[in-house]
Ligand code: 4NP
């Protein structure tokens with residue numbers, strides 16, 4: 001089964017939102033999320049993101065806590081999706097040689113950080129649209145399944 005990881009700065013707002021929205025849309029991929037930083041290490045999903053899950057009946061794992069991405073993840077995951085351009089730039093800096101091709105921007109319009117904007121509804125709209133777009137693209141991309 002192909003493995004996908006969503007990555008943001010803290011792994012408490014955007015990337016866990018993408019992880020559980022995607023898990024609610026498909027069971028075809030193994031899906032996780034990570035942080036580029038260790039700032040929130042061990043902390044639970046932000047209340048704002050949890051409220052969005054409850055509002056939209058997205059089931060999620062209460063025990064999920066922030067984890068920083070590590071070298072092994074770059075080898076293990078097939079697709080590494082940064083939620084904004086800074087995340088992608090940081091991931092490219094961190095990637096062990098030969099794994100950079102797995103890193104992509106989650107959506108052409110990057111997902112603004114609700115940690116700063118406070119707008120988790122806007123985040124949800126973008127996350128849902130982005131997840132649906134990836135599912136479409138993955139279904140079409142033979143290369144991914146080779
Ligand atoms: P996230 O949001 O990257 O979407 O999880 C943030 C969470 C925490 C911090 C920044 C962004 N922080 O500065 O601790």
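Using the three backbone atoms N, Cα and C, a Cβ is placed for every residue, glycine included.
TrEMBL annotations: computationally assigned, not manually curated.
According to TrEMBL, the protein carries these features:
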type: ACT_SITE; residues: 8; note: active site, nucleophile
type: ACT_SITE; residues: 14; note: active site
type: ACT_SITE; residues: 113; note: active site, proton donor
type: DOMAIN; residues: 2-137; note: domain 'Phosphotyrosine protein phosphatase I'
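Of all the Cβ atoms in the protein chains shown, 30 others lie within 10 Å of the Cβ of residue 8 (active site, nucleophile). Cα to Cα, the residue listed as 'active site, proton donor' and residue 14 (active site) are separated by 7 Å.
Assigned with DSSP, the residues of the domain 'Phosphotyrosine protein phosphatase I' (2-137) fall into helix, strand and coil as follows: 62 helix, 22 strand, 52 coil. Note: the CA-CA distance between residue 14 (active site) and residue 8 (active site, nucleophile) rounds to 6 Å. Neighbour density at the Cβ, taken as the number of other Cβ atoms within 10 Å, is lowest among the active-site residues 14, 113 for 113.
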